[in-house]
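As annotated by TrEMBL, domain 'FAD-binding FR-type' applies to 63-178. Under the heading FAD binding site, TrEMBL lists Arg114, Tyr116, Leu131, Lys133.
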Amino acid sequence: DDWLALKPQEPSPSQCCGSGCKPCIYDVYEKELAQWERAKAKQDKSFLMEKKEQSNNSELNPDTFTAFNISSVEQLTEDTYQYKFELPGNSSLRLSLGQHIVLRGVVNGLEVQRAYTPISPGNAEGYFEVLMKHGELLMLASGTGLAPMLPILRSITDDEDDETFVTLVGCFRTFDKIYLKPLLQDLARYWNIRIFYVLSRETSLEKLPWSYQENTYTGRLNEDLMKMIINSCRRRPFVLICGSSAFNEDMSRYLKAAGIEESSCFVF
């Protein structure tokens, strides 16, 4: 059991950015798995702490990830941020012209990685900087109002360069009335997609599958729940609404109460 707890976890397809990175997250996994297998065969956990040889002219190593601290984050536009990372001492990345780096981190509990080209000079000492663009969408769908949301979600997940964060709130009468459960569960595995369910005629979550209980609410999507969801977003989202006329009117009213301007909403 101790060894199984130390075994590297195989990445999911959504964790790979598809850019041909060297190393790819799968390359890193294979190396870590081989290291774990050697350690297990020898029953010596010290093998898991092996130091990989670092390059002499750079703080980066093409065969492994190195941790750096973020020293500052500057918002440049509504959805664009400049991240500054610390390098030890006066060291430098010493990248070639046009060369990119791969950043890895945890978002929504899922480990993801993306390729970025630093905007700082290649010989900058003690730091490097990258630009990241993050949009935010909030989708409010009732029943078949889910339909127009799906192509938008697909376009985001199919584009490896699209880093838009999406929160989809699907409102249905009961758990059995949720449309396209397998598709929605697959979409929810992406690092930038969150899906909540609001079930108006369910009184308890105990009979629901455990994988749905954490992100499902009973009753109706009301003003308080709307404020809670909006506050959980990283920034003020642009909102898409689709449902019955009564649903659309209620959502527009709740959004206004939560401080979302009409210009930041689109009703199908």
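Backbone N, Cα and C define each Cβ position, glycine as well.
Each of Val130, Met132, Glu163 belongs to the same chain as Arg114, Tyr116, Leu131, Lys133, is absent from that list, and has a C-beta within 8 angstroms of the C-beta centroid marking the FAD site. With a 10 A radius on its CB, Lys133 (FAD binding site) counts 14 other CB atoms from all the protein chains. The Cβ of Tyr116 (FAD binding site) lies under 8 Å from the Cβ of His100, Ile101, Val102, Leu103, Val130, Leu131, Met132, each of these being in the same chain and 6 or more residues away along the sequence.
For the domain 'FAD-binding FR-type' (63-178), residue counts in helix, strand and coil come to 17 helix, 50 strand, 49 coil, using DSSP. The average pLDDT computed over the domain 'FAD-binding FR-type' (63-178) stands at 84. Using a 10 Å Cβ-Cβ cutoff, Leu131 (FAD binding site) registers 14 neighbours.
Other C-beta atoms found within 10 angstroms of the C-beta of Arg114 (FAD binding site) number 20, with every protein chain shown included.
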